[in-house]
Number of protein chains: 2
Amino acid sequence: MKIALLGMGTVGTGVYEIINEEKGNYFANAQEKVNIKKVLVRDKTKKRKLDVSEDLLTDSFDEILEDQEIEAVIFAMGGMEPEYSYMKDAMRNKKHVITANKAVVSEYLDTLLKLAEENNVMFLFEASVGGGIPIITSLKETLKINRIDEIKGILNGTSNFILSKMSSEGRDFDDVLKEAQELGFAEADPSADVDGFDVSRKLAILSSLAFGCHIKDEDIYKRGIREVSKSDMEMFDNLGYVLKYLAHSKMDDGKYCATVEPVLLSSKNIMSNVNEEFNIVSIHGNIIGELQFYGKGAGKNATANAVVGDLLYIINNSERRDDIILDKTVENKKLDIFQGKYYLRVDIKNHEEFKKIIDMIDETSRVKKMMVEKSQIFVVTEELRAYTVNDLAQRIADMGNELFYARIVQ
Amino acid sequence: MKIALLGMGTVGTGVYEIINEEKGNYFANAQEKVNIKKVLVRDKTKKRKLDVSEDLLTDSFDEILEDQEIEAVIFAMGGMEPEYSYMKDAMRNKKHVITANKAVVSEYLDTLLKLAEENNVMFLFEASVGGGIPIITSLKETLKINRIDEIKGILNGTSNFILSKMSSEGRDFDDVLKEAQELGFAEADPSADVDGFDVSRKLAILSSLAFGCHIKDEDIYKRGIREVSKSDMEMFDNLGYVLKYLAHSKMDDGKYCATVEPVLLSSKNIMSNVNEEFNIVSIHGNIIGELQFYGKGAGKNATANAVVGDLLYIINNSERRDDIILDKTVENKKLDIFQGKYYLRVDIKNHEEFKKIIDMIDETSRVKKMMVEKSQIFVVTEELRAYTVNDLAQRIADMGNELFYARIVQ
């Protein structure tokens with residue numbers, strides 16, 4: 001099979017290496033069947049780490065599109081446009097599409113799946129969620145027999161690195177973020193990682209497949225990790241909890257909630273030991289119960305492995321099938337389905353504020369534990385609905401008090 | 001597709017329910033394609049929980065064998081014979097075989113795979129390892145691109161239950177075993193679970209696939225968990241370790257080791273939080289790095305889910321492929337590849353014994369930590385080879401001193 005590769009960044013290079021350099025195992029046997037005929041790059045003259053023959057390089061997507069021999073196109077580019085248009089053009093020209101691009105997949109999944117069906121080609125996107133973890137394939141397989149009603153995941157390495165470091169070294173958010181930026185683990189603008197946009201797209205893709213309807217980034221409630229402090233981390237340690245940035249969606253009787261927010265896990269929870277660049281995804285099926293999948297969530301080789309896995313699927317399956325259909329009618333209940341005990345920390349300046357805050361908390365919830373230290377109140381509440389806590393937090397924030405809160409998931 | 005089901009025990013009942021009672025999700029759509037035509041049972045007149053039509057029941061395997069309409073046979077029976085003969089007969093009669101029977105698979109994998117190839121039928125055994133965890137499928141997929149050099153797993157619910165309980169409740173082995181037996185979690189003869197034979201068969205199957213050669217139960221070093229005591233458990237807690245009964249195999253340059261033994265994991269290790277009936281399997285590939293898979297290791301629904309998953313694979317794939325070939329030449333180095341720090345506890349009766357034991361340990365290893373309490377010595381050694389420690393332990397045991405030791409895996 002002749003294919004084209006779009007992009008020669010980290011993932012593109014990894015894909016090229018696995019296919020052409022026999023780093024792999026059984027894939028070497030399929031060598032004769034896979035031939036990268038064209039590589040699309042922005043600048044053909046750019047010096048590259050990898051020695052790619054000049055004949056392969058092109059800066060014209062049309063050249064790939066019009067090449068009848070090319071049966072599949074691998075998208076190893078991260079933007080929204082022209083990637084989305086290119087994907088549609090490729091499928092209209094009867095080429096299979098494989099992509100690692102979570103932005104396009106989460107936003108246009110429904111359209112792209114339909115286009116694949118209309119043109120009798122495959123649209124595969126294993127690498128768009130969880131790097132090397134075979135979560136899309138596993139989710140599809142589980143769905144053949146199960147209804148899935150819950151997804152939980154740690155799906156962002158940068159935020160996980162920051163929280164792990166803050167916890168193990170007793171440091172503040174800004175301090176660790178700065179280090180992560182210097183080490184190249186975090187972007188100059190860290191918003192995608194620490195405010196939930198990256199995770200949200202991944203959760204959107206997983207939830208869409210699991211619940212059978214197109215759930216987008218905009219349907220997901222997001223809360224960042226910027227407010228967590230060193231003193232919170234100390235308190236979590238004392239209470240036996242670990243703070244993780246969790247993607248969580250749940251379906252109940254045709255209604256769902258999907259959130260990305262910091263939550264507290266018991267230190268006995270498997271997910272509490274997932275650190276640094278590793279990701280984990282938990283899915284719950286009505287027959288199989290809970291399944292969890294753990295692996296490297298990013299990086300050249302792991303992500304490229306997922307891309308090449310999709311390519312092998314196309315090579316080995318001449319006919320399309322396992323079609324995903326996003327035709328269910330579901331209602332987004334925002335935060336309404338989630339509830340739990342909550343941890344809440346409020347900074348106070350004087351006794352008057354202390355009394356006022358305590359009164360506000362008392363009106364909302366029975367308090368299970370309370371600690372007061374220096375100028376901070378720490379509270380663990382009884383079971384509360386998520387929207388109740390959000391409302392309380394908003395009212396406290398409106399008074400000018402700094403605070404942090406997190407649902408306790410166990 | 002018309003199929004036969006052999007056995008109406010726990011797994012057989014679960015399979016019957018998923019196929020016939022629309023408990024599942026997408027599988028309901030495939031209903032018309034799957035029809036259980038015959039169910040083999042020992043005693044047709046036995047009263048069953050499940051209401052199975054009398055017309056379906058048979059006590060004659062020949063009746064199934066001779067039925068040309070039956071295309072696949074599901075083996076939900078646990079013994080070695082007649083199961084092995086029946087599997088061969090079924091494939092010779094051009095019927096696909098799906099089995100949950102780890103005893104037959106581990107002992108005859110090579111023969112059964114070859115027979116499947118000769119007869120152009122499929123031989124699938126997802127349910128034989130790890131219950132509902134899709135580990136066989138995931139291993140095959142990973143192997144298409146990766147060389148796999150290490151497998152680790154917690155694969156036995158009974159021993160895991162006993163160790164969890166001993167640890168959390170500070171109780172002795174015999175005491176917890178007795179409770180597990182009363183609760184029906186452990187057999188009257190617990191040997192398969194606590195001496196490693198059950199786990200060993202599962203590790204044999206996984207290692208065979210991963211390393212490309214037929215590794216059997218007899219190739220695996222096994223050590224049980226009967227010697228671990230309450231005082232060991234207390235010490236592990238103090239040291240920040242958790243004791244788990246680990247299946248572990250490793251390949252290094254054409255040589256492998258495979259063991260089932262109690263090992264110490266850091267409480268920060270994901271596997272240390274795997275409790276009760278849950279299983280976990282870790283595989284390490286040269287490209288993808290470490291992947292871990294977690295789920296219910298036993299039970300009606302989880303295991304039946306794996307069986308029905310195999311059935312769906314047969315229905316959806318008219319052609320055989322993904323053939324596993326066990327043709328590699330590998331050398332069994334027994335314990336030689338494993339090494340690590342070791343925990344060792346020896347019971348002593350007097351000062352003379354104390355001195356003697358300390359001398360023996362000193363000759364073998366530099367000691368990293370030592371504690372003496374009442375009439376027990378507790379030692380954590382520097383890095384040692386597994387066979388060195390086994391030899392030391394044997395010499396101490398030969399002197400009549402009770403002891404327990406475990407490799408520290410981190």
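Glycine residues also receive a Cβ, built from the backbone N, Cα and C atoms like all the rest.
Please treat TrEMBL annotations as automatic predictions, because they have not gone through curation.
Note that the structure is predicted; figures quoted are calculated from it, not measured.
Sequence-distant neighbours of A:Gly9 (NADP(+) binding site) (same chain, six or more apart, CB under 8 Å from its CB) are A:Ala76, A:Met77, A:Gly78, listed in sequence order. Taken from TrEMBL, the feature NADP(+) binding site applies to A:Leu6, A:Gly7, A:Met8, A:Gly9, A:Thr10, A:Val11, A:Gly12, A:Thr13.
Averaged across the domain 'Aspartate/homoserine dehydrogenase NAD-binding' (A:7-126), pLDDT in this predicted model comes to 90. Here TrEMBL flags A:7-126 as domain 'Aspartate/homoserine dehydrogenase NAD-binding'.
Under the heading NADPH binding site, TrEMBL lists A:Lys102. Long-range Cβ neighbours of A:Lys102 (NADPH binding site) (same chain, at least 6 residues apart, Cβ-Cβ under 8 Å): A:Ser128, A:Val129, A:Asp198, A:Arg201, A:Lys202, A:Ile205.
The domain 'Homoserine dehydrogenase catalytic' feature in TrEMBL is assigned to A:134-312.
A coil conformation is recorded for A:Glu187 (L-homoserine binding site) in the three-state DSSP classification, outside any helix or strand. Close to A:Glu187 (L-homoserine binding site) in the fold, though at least 6 residues off in sequence, lie A:Thr158, A:Gln181, A:Asp193, each with a CB less than 8 Å from its CB. The L-homoserine binding site feature in TrEMBL is assigned to A:Glu187.
When secondary structure is read from DSSP and collapsed to three states, A:Lys202 (active site, proton donor) falls in the helix class. A sphere of 10 angstroms centred on the C-beta of A:Lys202 (active site, proton donor) encloses 25 other C-beta atoms. The active site, proton donor annotation in TrEMBL covers A:Lys202.
Within 8 Å of the centroid of the Cβ atoms of A:Leu6, A:Gly7, A:Met8, A:Gly9, A:Thr10, A:Val11, A:Gly12, A:Thr13, where the record puts NADP(+), the same chain has further Cβ atoms from A:Leu5, A:Gly14, A:Val15, A:Tyr16, A:Ala76, A:Met77.
Comparing local CB density within 10 A for the binding-site residues A:Leu6, A:Met8, A:Val11, the maximum falls on A:Val11. Neighbour count (other Cβ atoms within 10 Å of the Cβ, all protein chains): 25 for A:Gly12 (NADP(+) binding site). Break the domain 'Aspartate/homoserine dehydrogenase NAD-binding' (A:7-126) down by DSSP state and the numbers are 52 helix, 20 strand, 48 coil. Compared over the binding-site residues A:Thr10, A:Thr13, the count of CB atoms lying within 10 A of a residue's CB peaks at A:Thr13.
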